[in-house]
Amino acid sequence: MFIEWQITNPKEWQAEAIVFFSFEKSSEPLPGFKRWIEENASWISQSQALKDFKGKHQEVAVYYGPSGSKIPRILYVGLGPAEKFELDKLRSAAAGALRKCRDLGLNRPALPLTALEGLPFESMDALREALIGGICGLYRYDALKTRDLEASTAPETLLLLDEKEPDENTRSAPSVAQAIASGVCSARDLVNAPANRATPSHMADAARRLSEEYGFHIQVLNFDMAQTLGMGAFAAVAQGSREPAFVIILEHQPKGTEKEPPMVFVGKGITFDTGGISIKPSANMETMKEDMAGAAAVLGAFEVIGKLKIKRHVIGILPCTENMPDGKAYKPGDVIRSLSGLTIEVISTDAEGRMILCDALTYALRSEPALIVDLATLTGACLVALGKEVAGIMGNHEGLIQKIQEIGRQVGEKFWPLPLWDFYFEYIKSDVADFKNVGDRTAGTIIGGMFLKQFVPDEIPWAHLDIAGTAWADKDLGTAPKGATGFGVRLLVELAQRKDELNFV
């Protein structure tokens with residue numbers, strides 16, 4: 001969808017529809033809407049339909065103007081109660097508005113900047129977030145369908161209306177929003193793709209395309225190379241699959257950042273998880289194509305970093321493999337030597353995510369990083385504990401954890417902290433190795449984090465994000481249809497942009 005500015009007197013605005021917002025049970029319209037209808041659409045102020053509008057969150061009403069109107073439709077969109085309003089509400093309201101435009105078959109709807117007046121945010125921030133929400137809300141994954149395709153198509157162009165030339169920051173908001181939304185939707189595409197297509201090779205190809213387009217340095221380690229390096233934990237998982245496995249390393253080091261310690265983002269890339277020898281139940285196993293959502297989020301973030309030319313030294317590490325039962329697959333009871341030299345007793349082959357991540361974390365230390373953040377659909381226990389809307393966060397640095405929570409609230413990716421107290425290590429003590437890869441059935445999410453903690457020195461700020469619940473939506477959400485959400489992309493991008501706020505690195 002193109003975004004086009006139309007700068008002229010409001011009486012000259014032309015569009016197929018114009019979008020305005022309203023709080024629930026508001027006695028007065030927002031100031032921009034009130035002024036516009038007084039000057040340009042006085043007919044609507046007498047409309048009983050307008051008086052019947054409640055303003056509930058994502059409620060969308062369409063009002064039709066008199067014949068010959070330059071703007072024949074007004075879309076009035078609810079934001080919910082003013083006292084509960086946050087940017088997430090605006091994002092999903094904008095998504096609802098553009099979906100309504102799609103349903104109506106509109107090609108050139110419009111959003112006036114005056115529609116954002118009266119909201120408790122800077123106009124530039126409100127515009128950017130409304131656009132991100134709107135674009136992400138139009139997302140569909142139908143690349144593999146050959147029939148029963150939905151007839152309605154997204155608007156070709158969204159007009160941004162104003163009567164005066166916007167300042168430079170506001171003028172740049174659409175391009176920033178389009179870049180961010182593109183990265184989120186690219187991550188969704190990777191996760192939504194079936195596992196026979198989104199293989200480790202497919203992930204490597206996606207990384208190579210990013211490298212070519214944005215000049216990232218790329219290194220792709222195949223199974224033999226990883227094994228030669230000593231990545232025994234990664235190799236143990238990968239040896240059960242006939243699909244070639246890869247550890248993908250992307251590096252963005254723009255001019256002027258050569259002496260800057262990198263931020264390292266590690267993403268779990270299990271492209272299909274059967275559980276291995278500790279096989280999962282067959283019911284819903286098809287959703288295990290989503291087990292590479294962490295790696296997809298890192299790739300999506302790198303796309304945005306490249307588009308926006310963010311001047312930060314960033315490395316992405318993506319261990320990608322399937323987890324399959326096979327004659328060569330690793331087994332419960334095996335003892336594996338990891339890249340760190342630490343030995344792991346395998347209790348469950350279905351705890352494979354932490355196995356591939358531990359070698360990736362150890363590899364990350366070679367770059368002497370400023371910080372490490374890993375993202376993984378690691379534990380079903382996190383879904384049980386926190387549901388589908390909130391991800392778990394653990395780590396060794398309170399400042400990093402708090403900054404991630406702060407950023408997450410702002411971009412609509414919420415995190416809740418869980419402890420990694422020392423006594424949790426007792427759960428994974430082993431009689432035959434340095435530790436086990438799982439404990440008993442209790443504290444499952446914490447134990448996953450405690451396992452990974454063994455591979456990161458305390459002096460390196462590290463956060464582990466368990467996105468098992470948030471990576472996939474079982475129903476349509478405000479800015480995402482059922483399926484992959486692209487969760488984590490925005491957090492990583494914002495973290496890179498705001499590194500200067502991290503006074504501990």
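Just so you know, glycine gets a Cβ as well, placed from its N, Cα and C.
TrEMBL does not curate its annotations; it predicts them automatically.
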Listed in TrEMBL for the Mn(2+) 2 site shared with Lys268, Asp273, Glu352, one of Asp291, Asp334: Asp291
For Lys268 (Mn(2+) 2 binding site), the one of Lys280, Asp350, Arg354 that lies nearest, given that the recorded positions are compared by Cα: Arg354
Residue pair Arg354 (active site), Asp291 (Mn(2+) 2 binding site) - Cα distance, angstrom, rounded: 12
Cβ contacts under 8 Å made by the domain 'Cytosol aminopeptidase' (348-355) with residues that lie 6+ beyond its boundaries: 233-234, 236-237, 268, 270, 273, 275-280, 291, 323, 329-332, 336, 376-378, 437-438, 448, 451-452
Neighbourhood of Asp350 (Mn(2+) 1 binding site), C-beta criterion under 8 angstroms, separation at least six: Asp273, Gly275, Gly276, Ser278, Ile279, Lys280, Asn323
Least buried by Cβ count (within 10 Å) of the binding-site residues Asp291, Glu352: Asp291
